[in-house]
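These features come from TrEMBL:
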type: TRANSMEM; residues: B:23-44; note: transmembrane segment
type: DOMAIN; residues: B:83-297; note: domain 'ABC transmembrane type-1'
type: TRANSMEM; residues: B:87-108; note: transmembrane segment
type: TRANSMEM; residues: B:120-140; note: transmembrane segment
type: TRANSMEM; residues: B:171-198; note: transmembrane segment
type: TRANSMEM; residues: B:219-239; note: transmembrane segment
type: TRANSMEM; residues: B:276-298; note: transmembrane segment
Amino acid sequence: MARSRTASVKTFKRAAQYLTLGCYLVFLGFPLVWLLSISFKEPREMVELHPTLIPKHPTLQNYVTAFTEQDLARSALNSLIVASASAALTVLLALPAAYSLVRFKTRLSTITLGWVLVSQLFPFVLLVIPLFLILREAGLTNTRFGLILVYVTWSLPFALWMLQGFVRGIPRELEEAASVDGASRLQVLRRVVAPLLAPGLVATSLFAFISAWNEFFFALVLLKSPELATLPVTLARFVGVEGIARLGPLAAGSLLATLPSLVFFAVLQKRLAEGSLAGAVKG
Amino acid sequence: MTATLEETPRATRQPSRDQNKRFAYLLLLPALLPVVMLSAAPLLRGVFLGFTDARAGRNVDINFTGLENYQELVQDTQFWDAFKVGLIWAFAVTILQFGLGLGLAGLLNQPLRLRWLARTLALVPWAMPPVVVGIMWKLVYHPDAGMLNEAFSRVGLDGLRHNWLGDFSTALPAVILVGIWAGLPQTTIVLLAGLQGVPRELHEAAQMDGAGAFRRFRAVTWPALAPVVVAITSLDFIWNFNSFGLVYVLTAGGPGGKTMLPMLFAYEEAFRYGHYGYAAALGNVMVLLIVALLAVYLRRRLREAN
């Protein structure tokens, strides 16, 4: 008897766990489902007072509009340029620096590592206005390059932190073997270390890409010309003038803006769940 | 480049200490250059700006005004309102995020079926740009075409239909809910990693000794988790206090300043009214206040831990 009672307690516990988990997933997923639903609705369905979850006449028109509308297509391209350049530059600067941090102990490397930690804690309110003024004096406001520089500085600490972990994983013997074979130290870095770091470089550049792709504040403040605006800024401008019929393209555009990050997360979710990257990514 | 083996005796091929140092700096400097220019320099500049009357459109004669900005700031009720809203927002979001995140992490740590799917789905909000999160929830809260009001109507609670973001009393809670939604995955992942670090043997030993689930949590899980808890709650607090894009899209600080977070206020002062000096002073004060708050918190937590 006792046995079946503990069994039923166990079943009850399991059921309660699944139920709670279900509630969580509804809370986390439902707004997204609603966004998806709106993105497939016709304009005239949007003005009906009692909206339904399943679109009555599903249409791809909103996606076409979002894509063909001058603003969004151009902004997507802008975002792509800025985010790719930021990611490339971040990795290019972080790779030698991370290598230097691990293989050579100098005072500068200690200071750098300290700064990397502090920068994760630092409230960026303090930097916004002076940074804006410095970039303006350098003639870099309203240029993509200025924005890219900001993003590179932003993602460098994390990139360094991550890459130095990967460098530590490379056996020293491999480098020594190469240098005995007559390779210069730069050649060792390029031919031996860099290829072995490939997974780390991919992950780092993706992180730099995503944070630049998502960033809003500096894009809003630095780029005044609409033809330079990145996707988040243009989408936000859209919200300001939302007629109810414009909700469809807005939803479609928002979903398209999420796509790169979703793919990224799908690919890296196992690693993320293991917590190896957790804690260092700003939300 | 380097000489080949035949030409050089082996001993001289080993780079000297100075050479090593030079090489190390050479690799490190390109990364440090933008950092010094774009984070160290602005830091000092910001402190300086806070004591001046710098304004938009006035490039040359910036005057040193001493503590004037700070005196003005202390008397600025709008600043204190924004600071208060920021505190409520940051505390509410951080605490609720932590509570919900711990629950979710606990569940995702159980050997449930389809756990990988649940873990993936739980990450989705994290993948969305804050601006898109704002847009999405604006659509959910939409007074006419929104999901929330429609859901209330469907279950016969027409009386609960509401302009959630437009109403003085509901705007802040509505925005806080979105903040929790957006940050829950990150908190959850960190706590999940923390839970996985709790030694299983301890749990089993406690279970053998007949400790119930609650006692096991208090005696085994919580102490092991404590460092993670301190780290994630303080980081969450800072991030939340400094957030901008989400609320900018949702309400832009309205209605009537009810959701005016400090960053929104600073943005308005600097880039709408052009008060650079004043906004810089505001940033300085905000940082001091956050650091003070965190110091109190961390000291208490660390004392508890000892």
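Backbone N, Cα and C atoms are what each Cβ position is placed from, and that goes for glycine too.
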Using a Cβ distance cut-off of under 8 Å, indicate which of B:23-44, B:171-198, B:219-239, B:276-298 has the most pairs with the transmembrane segment (B:87-108).
B:171-198
Quickly jot the same-chain residues contacting the transmembrane segment (B:219-239) by Cβ under 8 Å, restricted to those at least six beyond its ends, or write none.
90-91, 93-94, 97-98, 183, 186-187, 190-191, 193-195, 197-199, 202-203, 206, 211, 290, 293-294, 297-298, 301-302, 305
For the transmembrane segment (B:171-198), sequence-distant contacts whose Cβ falls under 8 Å of one of its Cβ atoms, 6 or more beyond its ends:
85, 88-89, 92-93, 96-98, 100-102, 104-106, 108-109, 122-126, 128, 130, 133-134, 137, 141, 164-165, 220-221, 224-225, 228-229, 231-232, 236, 239-240, 243, 246-247, 250-251, 254-255, 258-259
